[in-house]
Amino acid sequence: MPNGLWGPAVPNRPRRHGSGVPPPALKTVIIDRLAASGEGMAGDVALPYTLPGETVRARLSGKRGEMEAVLAAAPARVTPPCPHFGPGAQCGGCALQHMDRAALLAWKRARVEAAMLRAGFAVPPVHTHQSPPRSRRRARLALRRFADGLHFGFRQRRSHAVVPMEVCHILTLPLFTCARRFAEAAEGLLPKGAINADLVLTETDTGIDLMILGVDEGGLGLAEREALANFAEVADLARLSVGEIPLVTRTPPAMRWGKASVPVPQGGFLQATADGEAALRMAVCTGVGAVRSVADLFAGIGTFSLPLAATGARVLAAEGAPDAVSALRTGAASAGLAVDVLRRDLFTDPIAAEDLAAFEAVVFDPPRAGAAAQAAAIAEAGVPLVAAVSCQPGTLARDLRAFSAAYDLTALTVVDQFLWSGHIEVVAILRRRHVNSS
Ligand SMILES: C[S@@+](CC[C@H](N)C(=O)[O-])C[C@H]1O[C@@H](n2cnc3c(N)ncnc32)[C@H](O)[C@@H]1O
C-alpha cells in the first residue's frame, strides 16, 4: 500500500451503528466494476471509494458496504488531492478522486463505447477531452451553521449533511473564493437566526452571478440589503439575487461567444466548464460542418446555435425555458445572427418529422432523461446529419436506437467536464447512409 492511501495504517472514521446494535461483520471482498455513480461494486453491493480489481475489507449491510481498508490496491489508485474526499469527510462533490485521471477518462470512454454498441453502431475512433482540476464554473453549495460558526460546502453523498469546505479541487478559484467570502461575512448579510441557505454560483464572462436560495427576500431589512449590496461591490460580483429577485446588478451576467453577448438567466444552464464547453462546441460544429440549415433542439442560451449561425447556416433553435429563449434571442440580435428561436416543450410537443425534413442537420442536447419522442421524429425525418449531445450514455443509447438502421456513427467525442464524478458528456455524429434508389 503506497503511503497516504487508505489502508490499515489510516483508520477510517468510526461508524455509528445505533446504540447496542453490533456493526456488520468485516468481510473481504473483490471489487468487480464501477457503477455509473462512481461507486465500486462487489456483485450487487456498492462500496464507495473502491476501484475494480481491488481486494478490500468492508462492512456489508444489504446492498451497501463501508470500506474499512484496501488490502490490495488497483494500479489506478492514487492519493486523493482533497482532504474532504473519502470515507472520513465524505464530501459529495467528488466520487473518484482516488482514481488516476487517465484511468477515469478511459472508464468513461468505455461506458460511452458500450452504450453506442448497445444502440447498434460500430464505434469510430473516439476523441476525448478532460477538464483540469479547479475548472468547474457553476455550483450549488450549502451554507450552514456549525458549532464553530458558519461554513459552506457540498452535501455528503446520499445525505443532507453538509461537509464544511476548506479547499476545493473542482471549483474555479474565483467561485470558491466568492463562496468563502460570503460565508465569512454571512452573519452580517442575512437575517439573524438559523442560517439555512444555498448559494448558486455561476462564473460568467462578465463576472460571478450569485443567487441565494432559502432566504425570504421580503424578510430582508434595510441594513441587510445594504450589506448585501456592499458585498456585491467588494466581491466584484456581476449580480446578486435573493431567490429570483435580483438585489444588485453591477453588470449583467453574460457569455461572450464570438461577436454575441448572451445574457445568462439566473440559475440557467451553462456547460460545467469553459474548456468542456469549447470541446463540445468544437465537436458539434466540426461534426455538422458547412450546412445551409440546421435545427438546434434543447438549445439553452445558444451554446451551439450561435456558433452554427456564425458559419452562415440558417438556424432554428428550440428550447423550453422562457428565460433561455429570451437570452438566446438577445444574444443572436447582439451579433446580427439569423436564429429563429422557438419556445417549445419538446417532451410533450416534439417537432414533427415533416417539419424537420427540410433541415440539412439537427443538433439535439436534451437533459438526462433523453428525448425519446423527439429523437424518433428526427430519425423519421431522415435528416442527413445529426449531432446528438448527451450527459447520460444510457438514455442516449436508447434514443439513438431509432437511427441505427439508416445511420452510421461517424464521430464520437467524450468530454469529462465533471472531473472525479461519474458524469459524462458525449457528442455523437450520425450520418444517414445513402439509399440506393434504383
Ligand atoms: C443539457 S441542456 C443543453 C443546453 C444547450 N444545448 C447548451 O449546451 O448549453 C438541456 C436544455 O434543455 C432544456 N429543456 C429541458 N426540458 C425541456 C423540454 N421539455 N423542452 C424543451 N427544452 C427543454 C433546458 O432548459 C436546457 O436548456
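The backbone N, Cα and C atoms fix where each Cβ goes, glycine too.
Bear in mind that TrEMBL entries carry predicted annotations, made automatically and left uncurated.
Annotation comment: TrEMBL describes CYS391 as active site. If you draw a 10 Å sphere around the CB of CYS391 (active site), it holds 20 other CB atoms from the protein chains shown.
According to TrEMBL, the feature active site, nucleophile maps to CYS391.
What TrEMBL lists as S-adenosyl-L-methionine binding site is GLN271, PHE298, GLU319, ASP365. The DSSP secondary structure for ASP365 (S-adenosyl-L-methionine binding site) is coil. Non-local neighbourhood of ASP365 (S-adenosyl-L-methionine binding site): ASP296, LEU297, PHE298, ALA299, GLY300, PHE304, ALA388, VAL389, SER390, each in the same chain, at least six residues away, with C-beta under 8 Å from its C-beta.
Annotation comment: TrEMBL describes 1-24 as region 'Disordered'.
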Q. What is the total of other Cβ atoms whose distance to the Cβ of GLU319 (S-adenosyl-L-methionine binding site) is within 10 Å?
A. 27
Q: Starting from the S-adenosyl-L-methionine site formed by GLN271, PHE298, GLU319, ASP365, give every other residue of that chain whose CB sits within 8 Å of the mean position of their CB atoms, in sequence order.
A: PHE269, ASP296, ALA299, GLY300, THR303, PHE304, PRO366, VAL389
Q) Should PHE298 (S-adenosyl-L-methionine binding site) be counted as helix, strand, or coil on the basis of DSSP? A) coil
Q: State the count of C-beta atoms found within 10 angstroms of the C-beta of PHE298 (S-adenosyl-L-methionine binding site), not counting that atom itself.
A: 22
Q.
Using the alpha carbons only, what distance in Å do you get between CYS391 (active site) and GLU319 (S-adenosyl-L-methionine binding site) once rounded?
A. 17
